[in-house]
Structure formats: structure tokens, C-alpha cells
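Residues or ranges marked as repeat 'WD' in TrEMBL: 115-148, 157-198, 199-240, 419-459, 500-534, 595-636, 637-678, 679-711. The region 'Disordered' feature in TrEMBL is assigned to 246-267, 733-758. The compositional bias 'Acidic residues' annotation in TrEMBL covers 254-267. What TrEMBL records for 323-350 is coiled coil. What TrEMBL lists as domain 'Small-subunit processome Utp12' is 814-916.
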Amino acid sequence: MLFQHHLRLLVMGLTKQYLRYVASAVFGVIGSQKANITYVTLRGGEKGRYVAVAACEHVFIWDVRKGEKVLILQGQKHEVTFLCPSPDGVHIAVGYEDGAVRIFSLLNGESNVSFNGHKSAVSVIHYDALGARLVTGSKDTDVIVWDIINECGLYRLRGHKDVITQALFLRDKNLLVTCSKDSFVKWWDLDTQHCFKTMVGHRSEVWGMVLLSQESRLLTGSADSELRAWDINYLEEAKAEGEPKVKKGKTLLDDDDEEDNKEEVDESLEERILTCEKAGSILREARDRVVSLTTDRHARVIACHGNDSVLELFTVLSEEEVQKKMTKKLKKAKKKATKAQEASGEETEEPVVKRMLKDEIIRLTNIKASSKIRWVDCLSCAGGELKVVLLLQNNTVETYSLKTSQKTPVADKTARLTLGGHRTDARTLAFSSDNLAVLSASGDTVKVWNRSTLQVIRTMACEYALCSLFVPGDRQIILGTKSGKLQIFELGSGSLLETVDAHDGAVWSICLAPDQRGIISGSADKTVKFWEFELVKDKETSQKRLTVKHKRTLQLEEDVLCVKFSPDHRLLAVSLLDCTVKIFYTDTLKFFLSLYGHKLPVLCLDISHDSTIIATGSADRNVKIWGLDFGDCHRSMFAHDDSVMFLQFVPKTHLFFTAGKDKKIKQWDADKFEHIQTLEGHHREVWCLAISPNGDHLVSSSHDKSLRLWERTREPIILEEEREMEREAEFEESLAKGDAPVVPGETQGEAAPAGKKTVETVKAAERIMEALELYKGETRKMEEHKYACESAGKELPPPQPNPILVAFGNVSPSRYVLDVIKKVRSSELEVSLLVLPFPYVPELLKLFNSYIQQGLEVELVCRCLFFLLKIHFGQISSNQMLLSVIDELRTNTLSKVREIRDVMGFNSAALQFLQREIESKEDVMFFADATGRLEEKKKKRRKRERAVLTIA
């Protein structure tokens, strides 16, 4: 026994323990380009103070006045692609890259409702006027309407052939209008889920669309400089007899005449709902396509921009203003006609002034932003003030304010969010020696961040930085730039101390000497230069400051991509453009080894703390591990699916991290040549990373503009489990990607079910199946017990209940099945039942009958019942065994639903009575439309008072 214990201890001692790194924070990103920007209100706060922007997979709510992040809506894995606040301002709908939609509360930042229906990225989201329905459009060309109150999908509308760019509900009619990159604008009747009109007046993609003038005008933006306007005329349904009835786009005619009359029916339906005619065009100043087109809430101001930095604002005049304008025009025309008549002495006709589109929509002003605009949102405030927020392409948010009532409005810049991120990608990172500060440098600025708070400590203007390091003592930093210079900054004052003309080409790499007395720099000018730190007297301040003095130069035959000292200061490794790594002795600069084997240049390398191993990462996607004693290749590993951009050893270990253009960061063991873990989170190429001196933190930078902090936990990684989890994730992904189950009798028409098969729906169906199996088992057990009691002629002790039922508080098996169904998300219920095999359905129908009789969850049970009857109608109706069950269900369901409806009607009437009572007592109005009705009453009272005064 003692021997076995010692053996176990020995094995544990020999087994290397790996610790898991997990995502800690995302910072450095102000607003991602993929999703729009929108104004939101927080806790009844000031209008126009808070904006919501996407930040990779999260949503940041910024207070633009303070320039602070006030709320983070946590995402999971996929990038945010669209944002839309609810009409009441309490919620925000967020669309993701994988087609999911989640609704967050702006009060606490939590998400309780999620919808899964699209196969690819959500491209547009809009609420209806009440905030009860949601329409989403996607890159998969489908439009889906969701019921937010019931948390389920209503229907999927098919018809477009390219990405949906806009989808709008009409306020008073149950209609929907959508536009797409397929150049069509489609009108949908939501009562019949049928496209009754397709507008084909555009020659290219329709990129944006807004409704104006109480939804009597449609304005569309396309790939040219025109904004096309269309007049909408809503018509009453024709009541003439003999017209064919239409349901779901099909005529209720004889089968022989169906095909011949289909086109006539569509035309008649279109004519009965609305007509849409072109009213003219507004010319934009920009010549390229419309990138985004939006209006304020009252549709009085139109904001539009292309791929440049100019935002064009137009205003829609009210009917009174247009009439005034037309009266003035007519007076002018009459004056002109009178003058002409006097000059010629002949009588002329009465002048007629035609109403043009330019009389109704006029240019307000242009706003010139500091960079190219990506998205815009505008908000009308009290006193005719218009607030505009712009998300720019360089990771900046700008806000402007202007008075629309002025004759020539001028936009004032009110805020600019720039401090929390770089304008361009951060290409180099470094940790300070005390693990507390992180340096990031981009094409124009270098920033120093506090690692624990993620706040910017210093921001300094610099040239295009490619490499960086902290000088020992952490008071200065040195940058290597694209122009071949070394820049030295003082952190205390945030000033540039010196710019040294070091090389004739880009400085790709700098490395601190192990003795900390100097640095080396490698450049595209084919040289490696050695520099020593020196303190010199500043001529201006007469105080000593740091500089670097050039000591020696190593001339090479190819461009230098990366340089590194061995920690024992004995060797120098230089990566060259000819795909080799040359090793030199540091003291004599004599050639020692050439490491060749990579097919493409080595972009990054590092040497282990004990100077025995060198790891090289290349553009050929491989990582090679070499011994530094003989230059032999220990192992070549396929590391990433694209170029390996950065490689660094974890201090005092033989573990190292690599970063690739495939968006991944991976950890490897250089002794066992094993892949330990993959850190996924970035959505674009990862340029570089830095590991803290104690190895507890890692920071990475990517083309998605984000910096990510990862931290080492105490949780050990077991490699077999890690691989198993990866395989499971792959299997689940493939499971969700399988063909969606087909509903018998459903045709592939314009309307289809909204949900889609996902891992969650498959798991929910499995849980229902398991619950039904448990129910059958328990029922069988009770029957056997009953039979045993009858055979024995006495009462036997009851069988032991299933442990699962005990865990759920000794619930009955039938109640357990209901609890399992209740736990399925409302938005996933139909698809879960669709996946359920038919042999389970008869048992479920019998259970539904008992639930309805007991009055348990009648609404949910009816929803499941009607769906199962719809999809399994053929099999259920042909099954003689189920006839009695269906007959019982019909009777029970009708009586129970009628009973519930009566209770609801009674309660509704009672609530309305109580409301009227309280209102009459306190003269207070309730609910959303109260203020509007109060204003109307006041106006009527004032009119009456005026009438009385005039009579008096």
C-alpha cells in the first residue's frame, strides 16, 4: 500500500499541470463597425445623453456627456450586427452574426428573451409602434416577424433574393415593407402573410428606406446619388361582388381556373390595399451609394450619408409650411404674369404653380465629420433642437447639435469619444515589469493602460509603431516605427524625449538586452543595430534624460523581421526574409547556426528562459521548435489556419502562446509538443500579444480594434477532457446544421414557420422524450404493483419512486412531464415538438387531456396540442386508438378555453371600471396614451372657452 501511494505521488509529480487562461475583459474598442449606433434612454434620463454601440460581441452604453461607459450588455460568442431600442425605451433588441436575436433590459442589462430563426447574420431589426412585435431581416434573405409578448416566432416571409437592408411596420395598417440588395421593395400583408406588391423601380441595390408624412410617402436610397420618393395611397377594400377572395396569396377558385387568374387576383389585391407611384427624386451631393438613411422619431428630419465624411440633412416640411410656400410662389408667379401683361398689352392665362417634391423636402445642412462615417442616428429634442450621433470608421463616436428652426442651421460638435481606443489597429503591445501597466501602440498614438481598471493613463502622439518595450524602471518607453526611427517617451510627463534616426527601413523588432543596459533593433534595411542606454543633459531643461547610443551594427543579406537575445546573453537570433533564422554569438557577432525549414518567412520567434529552446512561427502556418545547442528541429507543428503573427514563451516555463491571422490564440507545450488550449474571442486577425512577467495575464490586439485581457486561473486543464469538449462542440454544431425537419403538407411558399433547428431545440426534444419515458416507466411500475397486490390479496408496500421525481419534490410523473415542457423556451417550443418522433405523440395527447381537465397551464397545453395536431394530422386522424382521446380533447378544450376567456373578460371589465372610478375621483389618466388624451381634452376645453368668449 505504501509503495502504491509513493508511486501515485511520483506520477503526480511527473505529470505537468497546465492552468486554464480565461477571458477577463474587452477594452480599446469604442464602437464596432459591423453594427449601427442608436440613442437610448436609461432610467428616465436625459434624451440624447446615452448611445448604444456594438463592441465585438458586447453592447456598450456610453454617456456621451461624461465620455464614460455606463452599462455593458454581455454577449456570448458571436459579433453584434444590429441594434434597435424598443418604443418605450426600456429594452433593446440585439442581432448577432449567427442569426440570433436577444432582447436586453436597459434597467439591469439582463437578457431573458432570445429568438433563433435566421441562418446567418441579422442585418436589420425593427419594432412595431406598440413594441409587441419585432421584424428581423438577415443575410439569408428571409424576413421573420416575432411576437415579443408570447416570446415566439409568428412567421417567416420569403421572397427576396439578397441581403435584407430595411424592414418597416406601418403604424395603422397590418402591413410590412421591406427592401433588399436584390433591388426590390416588397409590400407584405401580414394578415395573409403574402407579398401583394413588388416595386421594381430601382436599377441597383436598395440600401436604405424611410417612411415620411404620416406614412404616405416612401423614400429609398440606392447605389446612385438619387433619393427616390414614392407616394403611397391607401385604398379601402372593394366590396363589389364577383371579386375573388384571397387567402395567403392563393385564390379560392376552381382548380382549373387557378393558374389563369392568379395574376389578376394579385393585381386586384394590390389595388385594394394601396398604390405606390414615383413622386420624384432628391439629389444628394455625394456620388457614391447610400450607406445609411434614417429619420428622427417624428420623420421630420432625414439623415443620409455615403462612404465619405459628410452627413447630409434634409427636413420634411409640414402641410401648413408647404401651403405657405406655395402661396408665396403663386403670388410671385402672379406678379410676374401681371408685369408681362403690362409689357405686352395682351391678356395672359391665370398662372398655375405645380407642387414639386423639392417644395416638400428641403436641404437643411451638411455636417463634416472628422473621418469617414459608418452609421448615424438622430433625435429631435424640445425647442427644435436636433441631436445627431455618428459612428466613424476609425473607432470614434461624435455627437452634434443644431437648431432646425434657424434659417441656416449650423451644427456644433458637442462630444467626441476617442480616449478609450486607438484610431487604427494596435500593432504592438508590452507589459511593464510590475505587471500593472500595458502599453499599446498604433499608427498614430501610443497608450498606456492600467491593467486592473482598464483606464487609459497616458495617450501620446507617435509615428506608425511596429514594436515597443518598457525601459527598465518603467519610466520610459521605446517604440520602433515604420519610418525607421526609434522614439523615446517619458511616461511621467507624457512627452516625447527624443526621436533617433536608427534605420533606413521599417524597424520590425526591438529587444531588451538581458543585462538591461541596452537594446537591439532589427530593420528592413538588412541591419541589426546594438544600442546602449545613456543619460545626457537636456539643453532646454538642463536635467538628465534617457537616450540611446549606437554601439555596433550587424550587416545581413536579407531584411530582418525579428530579433531576440537568448536570456543568458550568449546568442542572438535573427529572422530573415529568406525564410531562415540565423543564430550569432552576441560578443563576437560570429555566425553559429542557421535554422532552415520554413517555406515562408519567419514572422516571430522567442527563446525559452533557460536558453535551450527556440520556437519560430511563420507565414506558412507552422511553428517549429529547435534546440539551441545543435540547431536541430525537435518538432514542426501545424499551428494556425493562417499566418502565425506572434509567439512568446510564458516566463520561466517551456509553455508558449501563438497568435494567428485565423483569429485564434493557442497555448503549446514545447517539451511534449502538445496543444494545450485555444483562446477564442477575437473576430478578426490577431496582430500581437504580450504576457505579463509573472505569467498571470495576457493581453492581445486584433484587427477588430479590440484589446483583450486574459487571466490565468487556478483551474487545471486535463488535455483528454479538453479534446473531448472540442469534439462535443463540433458534434453539436453539426447537429444544428442538419436539415430542418419538414412539416407534412407545408409548401415552400412565401410564408414559413419562424423557428430553426438548433442545439437547444434538439436538447429540449430529448428532455421531453426522457420525461415521457420516465412517465411510461412509472406508470408501468404502478400497474405491476397493483397487479401484485391483487394477486397477493393484500396491500403491498409501494415501489420506490424515481430519484428524479424525488429530487423535484416528489412530483407525480405526469406533473414532471408538464414541468419539462414549461422549461422549454417559448421561442423554441414549436421546433422542439417538430423534432419529437411520432411514437411519443399519443402518450403526450393523453397527458394533455388530463392537464386540461385539471386546468393546468391551459394556454401552453393548447399551444402544444394545436401544433402537434397540425404537423401530425394525417397519422393522428388515421389512428383509431386516438379517436376517443381527440374527441375528449375537443370537448374539454372548448369548455376550458371558454371558461378562461370568460374569466379574462370579467377581469378586464372590472379593471376598466376601476380605472374609470380612479380617474373620475382624482382627475388622473392612466397608461401610455394618457398624456395625449389629456392634451386633447385641454385643447377642446380651450376651444369651448374661446367660443364662449366670442359669443359674450
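Quick reminder: no glycine exception, Cβ is built from N, Cα and C everywhere.
Curation plays no part in TrEMBL annotations; they are all automatic predictions.
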Tertiary contacts of the repeat 'WD' (115-148) (same chain, 6+ residues out, Cβ under 8 Å): 81-84, 86-88, 91, 93, 95-103, 154-158, 160-169, 171, 176, 178, 180, 182, 188, 190, 754-756, 758, 760-761, 827-828
Recorded stretch that, among 157-198, 199-240, 419-459, 500-534, 595-636, has the most CB pairs under 8 Å to the repeat 'WD' (679-711): 419-459
Close approaches to the repeat 'WD' (637-678) from elsewhere in its chain (Cβ under 8 angstroms; 6 or more beyond its ends): 16, 18, 20-21, 600, 603-609, 613, 615-619, 621-625, 684-691, 693-695, 698, 700, 702, 710, 717, 719, 722
Within the repeat 'WD' (115-148), residues counted as helix, strand or coil by DSSP: 0 helix, 19 strand, 15 coil
Within-chain partners of the repeat 'WD' (500-534) [C-beta distance under 8 Å, separation at least 6 from its ends]: 466-469, 471-472, 478, 480-488, 546-569, 572, 574
Residues of the repeat 'WD' (595-636) by DSSP state, where helix covers H, G and I: 0 helix, 23 strand, 19 coil
Tally of residues which DSSP labels helix, strand or coil - the repeat 'WD' (637-678): 0 helix, 25 strand, 17 coil
For the repeat 'WD' (157-198), the number of residues DSSP places in helix, strand and coil: 0 helix, 23 strand, 19 coil
Local confidence of the prediction over the coiled coil (323-350), expressed as mean pLDDT: 75
